[in-house]
């Protein structure tokens, strides 16, 4: 007798399906103020103006912070970044965070992985033509093969644990950002010890899972996304609990704390850019703009030890 899919897997398959486009009517949408009866507005204290500027963020009075009613401790901040801030963080992902001594999925295959972005930019700029031609070129570039990079304590994908050695230095700006968002929910002693940067394209997905690799699970997990929008599912401690679905757009921040820290979650679908987005791309595209038009970048910051 075939196994019956749990409710989380059913939802995941529904939003992932390709043959028929799923309905997004039940998805919590902060941008368009849809299904917001499932969330509470939260009051939070903010950092100093200097720290906000350093991190590429808007002034605090422009922020909105929500907590999901069904998932206590899950905080959602719709794009607190300035336009310049989004570009700075996106460029760090494609230009800095995959370089040695950090580790990536392409290390065994690329002869010169540290130069992937520069090589990709050169290929894009050498070609002229339509939007479609630029996209075809991008898909042949080294940077398109990048799927993940680990910084600080390196996550072992086979054992689901962190390697104590080797350990690459955590970039100071990631430490600063982790402490900033953690302090906003009352966690003042957060230590950014590891980060995973994920590189997604349309058709990619992140399967249902919980994050329990860290030794210390009381610290929040901080997640920032840039580029294409996506559907994010967040449930409970088992896959038998029905997940909520949320739109995640460029610049959005999720903080998983409290009960939500151990909740099952997934990304079943990366959404394509709209035709309006295509219209702003010139025949010879800016490489970063072109990449973000077809990719979703996610940076998640973690504390590993108490």
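Every residue, even glycine, has its Cβ placed from backbone N, Cα and C.
Marked as Fe cation binding site by TrEMBL: 209, 211, 265. In three-state terms derived from DSSP, residue 265 (Fe cation binding site) belongs to an extended strand segment.
Across the domain 'Fe2OG dioxygenase' (191-305), DSSP classifies residues as 16 helix, 47 strand, 52 coil. Annotation source TrEMBL lists domain 'Fe2OG dioxygenase' at 191-305.
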Please compare the binding-site residues 209, 265 by how many other CB atoms fall within 10 Å of each one's CB, and tell me which has the fewest.
209
Enter the number of other CB atoms within 10 angstroms of the CB of residue 211 (Fe cation binding site).
18
